[in-house]
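Take a look at the structure below.
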């Protein structure tokens, strides 16, 4: 009996703290409301494993085992077409999507994605990467000129379901902003949730937040050793087009708005940042 108890405690000890993706997240636009969209984004965030919280914001893992690296968003359009979108939990990037027996991968998708995701499908590599510059070039449009909103998301799902090569880049821009970016920023989530029946063009505040997530994440982390002050200010733009700087964690841009922090340990050249991460015990997960 004692041996069994000890074994049980050992198993529990091994698994406590090991990050896991909690499963797929579903969203059906045919019955969507502002409330169900908000719940979808909240559920999406909740599936993402994190190291610890920094100023009450989850800090994503920089490295995680292949088996836990991706989660799926199952999205259904107004016309009941469903695609499964694969998200990398280390950075909330869209890496691939599946429609029926075919799957499509961004050009820079990690090798693990090809090995793990959508087995049994015919895998196609898209002729562009998933970054905004590449997608806007492929779409022949900038984000400011592409509609967002739940109707736009439904149309994007339909485009991707049937894979219209000409329209796919724009559809992917809609998909990324209404899912991944909304998970990162409460401001974007709330903006999309207002547009259940109509669409909108993203304002400059949305675009600048999307562009500066990495910079904001890094400065929020570094602020722990600087009394909440940023080492370097982060430039953003207001909806009116006015430019301003975020200089500390007490800013409204940070508090209640940023919901996930990118862990830049793997890519930053700042040795102090890397050292601090190590001292805090953020470890590589195998």
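All residue numbers here begin at 1 and follow the chain in the order shown.
Heads up, the Cβ atoms here are built off N, Cα and C, so glycines get one too.
Remember, predicted model here, so these are calculated numbers, not experimental data.
Record features (Swiss-Prot):
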| type | residues | note |
| --- | --- | --- |
| ACT_SITE | 93 | active site |
| ACT_SITE | 132 | active site |
| ACT_SITE | 181 | active site |
| ACT_SITE | 184 | active site |
| CARBOHYD | 74 | N-linked glycosylation site |
| SIGNAL | 1-23 | signal peptide |
Tally every other Cβ atom lying within 10 Å of the Cβ atom of residue 181 (active site). 21
Expressed to the nearest Å, what is the distance separating residue 184 (active site) and residue 93 (active site) at their Cα atoms? 11
Among the recorded positions 74, 132, 181, report those whose Cα falls within 10 Å of that of residue 93 (active site); none is a fine answer. 181
Near residue 132 (active site), which residues of its chain come within a Cβ-Cβ distance under 8 Å, counting only those 6 or more away in sequence? 143, 173, 210, 211
Including all protein chains displayed, how many Cβ atoms other than that of residue 93 (active site) lie within 10 Å of its Cβ? 18
Using DSSP and three states only, what is residue 93 (active site)? strand
For the residue listed as 'N-linked glycosylation site', write down the residues of its own chain that are at least 6 apart in sequence and whose Cβ falls under 8 Å from its Cβ; none is a fine answer. 24, 25, 26, 27, 82, 83, 84, 85
